[in-house]
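S.K.: Found this in TrEMBL, in case it helps:
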type    : residues                              : note
BINDING : GLU74, ASP117, LEU119, ASP120, ASP247 : Mg(2+) binding site
Amino acid sequence: TMASPALLMRVVASAYSVAEKAATIVRNVMAAGDLGIVEKGGANDLQTKADRLVQMSICASLARKFPKVTIIGEEELSSDEVTEELIENGHCEEILKKTCPAQYTGIKEEELVIWVDPLDGTKEYTEGLLDHVTVLIGIAYGGKAIAGVINQPYYNYEAGAGAVLGRTIWGVLGIGAFGFRLTEAPAGKHIVITTRSHSSTLVNDCISALNPDSVIRVGGAGNKIIQLIEGKASAYVFASPGCKKWDTCAPEAILHAVGGKITDIHGNSFQYNKEVKHMNSAGVLATLRNYDYYASRIPNTVKQSLVP
């Protein structure tokens, strides 16, 4: 008989289906028209009914299947009874057919940490910039992001009636990343992608120092990493402490699975063990290629301002 798939592959296969369910919830909340917006920490730090329902759905669905895995979500929610219609039991068969990389075959449930951002780009969601929105499920082992799922609920939403809405991108270190077309940014062009709603003097000074050909300002960390792997931007630069572990875990795994690199502004790797602080307080620098070019041009004044 075939050996049953390794735990990691089962978790990723489930996370894929759970993310697709999440996308349906995101679209349904928007279609119903009542976003239920509350301010958490001011006008740029919002939470909607979609953030709440999606987090309950993702966390409860994965916890039911993998009870010993640590799951850390962005939203602080009371553990009310989650209704059955929020539970997703399915999994992606395609993922289970892939061979688990040897270094991950012996992983036990209690060694995994899953970082969940139920709706990355909430502010953009409330403003109707729907292509910025992603659902992020990142899987970490030994403090390192090793697998991730990114769903874009509104991918293709401008293609008109009849177009299939949404897509799911997934990746595992040592296997690769799937669900998109890997494309490099135009050679010799320095296209920097950065924050849309969390700008500051420091953020802008850092970008100026890179002397970019163009700057793209969009919401969502997941969205920015997708722009890198699809060749729309050459570097994601954010010289500010606003990013959190649930913003970077899934995107990091996917970027690293295709040979890219993400660190803080100082070049330090992010740690994802369950005890770690949630804030990536020293910012973000990510590229698909040519990481060293950008890293070497981050001004010391910027580095001194951002303490890891």
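Any Cβ shown, glycine's included, is placed from N, Cα and C.
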S.K.: Using Cβ atoms only, which residues of the same chain lie under 8 Å from ASP247 (Mg(2+) binding site) while being at least 6 residues apart in sequence?
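M.R.: Correct list: ASP117, ASP120, LEU136, ALA221, GLY222, ASN280.
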S.K.: Say we define neighbours as other CB atoms within 10 Å of the CB. Which of the binding-site residues GLU74, ASP117, ASP120 has the fewest?
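M.R.: Ranked by other Cβ atoms within 10 Å, the binding-site residues GLU74, ASP117, ASP120 bottom out at GLU74.
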S.K.: If you draw a 10 Å sphere around the Cβ of LEU119 (Mg(2+) binding site), how many other Cβ atoms fall inside it, taking every protein chain shown into account?
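M.R.: Here the count is 29.
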